[in-house]
Amino acid sequence: MTPLTLVEALHLGKHRLTSDTARLDAEVLLAFVLQKDRTYLYTWPEKQLSAEQSQQFLELIQQRQLGHPVAHLTGQREFWGLNLTVNRHTLIPRPDTEVLVEVALEKLQGLQHPKVLDMGTGSGAIICAIKSERPDSEATALDFQLEALAIAQQNAKQFNLDIQFIHSNWFNAIANQTFDLIVSNPPYIEEQDPHLSQGDVRFEPITALTAGMSGLDDIQHLIKAAKSHLNDQAWLILEHGYNQEASVQALFSEHGYQQIQTVKDYQQNARVTLGQWLQTPETNR
Ligand SMILES: C[S@@+](CC[C@H](N)C(=O)[O-])C[C@H]1O[C@@H](n2cnc3c(N)ncnc32)[C@H](O)[C@@H]1O
């Protein structure tokens, strides 16, 4: 086979892929093969791939054609400027989750050495982003999947972030601990959602995605259980589905949270709802 130039490889990759993001996918995979960033591809379009590089690129394109997520093929996904390691045991961090990080950082303003907890940390995306911006925070993260925790730990180490990771089914292993901020991007997809058999999610752990028939089982549990783990005036910030705003707000309200509000993601979908916990003699914990 005649060695491909970068521009030829990109052209070929783009035309073999049917995904909506064919061009971007081909760029990311080619840059991965070359261990360069994507700008390199356009700076040196006539540069030739070696035979091994061509072979590796074509194999990756073939895997992508079969539906494997780009992040699984490269083992990486950028989130909040951090190049995180991901694998089939972790959710692939989504850009919209950066909205949750923005809201969390805003709520941490003015607090010194705040205690922060990330529930269901997966690759550690959220807690690594927060800790990278707030090195003074006392950061804790948990997940019930040991394989995911191992990746999260690896990510924190890679970025030299001091985070405590705990293996726990939600709050079970941290019964007596309280925090100034609790964040979570929990599973929130309905069990019967037809999207589960389409695209990248087919390759992600089902335990990271679904939460009962309504998708609200874990959110409901977290809103109720978090009350015993929030310090006075602490915030609970949850990501949820674009169509769950009213239900999630109602759950926050039913459990006595204050200042409940929902924030939209970059596509203008309701994505994050938060509420503040005030300890008063009346609050029913
Ligand atoms: C939607 S993923 C979010 C992962 C990561 N925080 C992110 O935003 O990319 C949900 C995570 O919650 C974890 N999880 C689900 N049920 C759990 C439970 N009962 N206790 C602890 N973690 C749980 C899953 O293993 C998964 O890592």
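Positions of Cβ are set from backbone N, Cα and C atoms, glycine also.
A TrEMBL annotation is a machine prediction, not a hand-curated record.
Small disclaimer: the values here were computed from a predicted structure and weren't measured.
Features reported for this protein in TrEMBL:
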DOMAIN    8-75  domain 'Release factor glutamine methyltransferase N-terminal'
DOMAIN    105-193  domain 'Methyltransferase small'
BINDING   Gly120, Thr121, Gly122, Ser123, Gly124, Asp143, Trp170, Asn185  S-adenosyl-L-methionine binding site
BINDING   Asn185, Pro186, Pro187, Tyr188  substrate binding site
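In this structure, Gly120, Thr121, Asn185 are the binding-site residues from Gly120, Thr121, Asn185, Tyr188 whose C-beta falls under 6 Å of some atom of ligand 1. Within the same chain, residues at least six positions away from Pro187 (substrate binding site) with a Cβ under 8 Å of its Cβ are Gly120, Thr207, Ala208, Leu209, Thr210, Ala211, Gly215, Asp218.
Taken residue by residue, the domain 'Release factor glutamine methyltransferase N-terminal' (8-75) breaks down under DSSP into 48 helix, 1 strand, 19 coil. Other than Asn185, Pro186, Pro187, Tyr188, the residues of this chain whose Cβ falls within 8 Å of the Cβ centroid of the substrate site are, in sequence order, Gly120, Ser184, Ile189, Ala208, Leu209, Ala211, Asp218, Ile219, Leu238, Glu239, His240. Note on the domain 'Methyltransferase small' (105-193): its mean pLDDT in the predicted model is 97. Taking the C-alpha positions, the distance from Gly124 (S-adenosyl-L-methionine binding site) to Pro186 (substrate binding site) comes to 13 Å.
Between Tyr188 (substrate binding site) and Gly122 (S-adenosyl-L-methionine binding site), the C-alpha separation comes to 14 Å. Each of the binding-site residues Trp170, Tyr188 was scored by how many other Cβ atoms lie within 10 Å of its Cβ, and the smallest score goes to Trp170.
Listed in sequence order, Arg77, Phe79, Leu84, Thr85, Val86, Thr90, Leu91, Ile92, Pro93, Ala148, Ile151, Ala152, Asn155 are the same-chain residues at least 6 apart in sequence whose CB falls under 8 Å from the CB of Ser123 (S-adenosyl-L-methionine binding site).
Around Gly122 (S-adenosyl-L-methionine binding site), the same-chain residues six or more apart in sequence whose CB sits under 8 Å from its CB are Thr90, Leu91, Pro93, Asp143, Ala148, Ile151, Ala152, Asn185, Ala208, listed in sequence order. By the criterion of other Cβ atoms within 10 Å of the residue's own Cβ, the least surrounded of the binding-site residues Thr121, Asn185 is Asn185.
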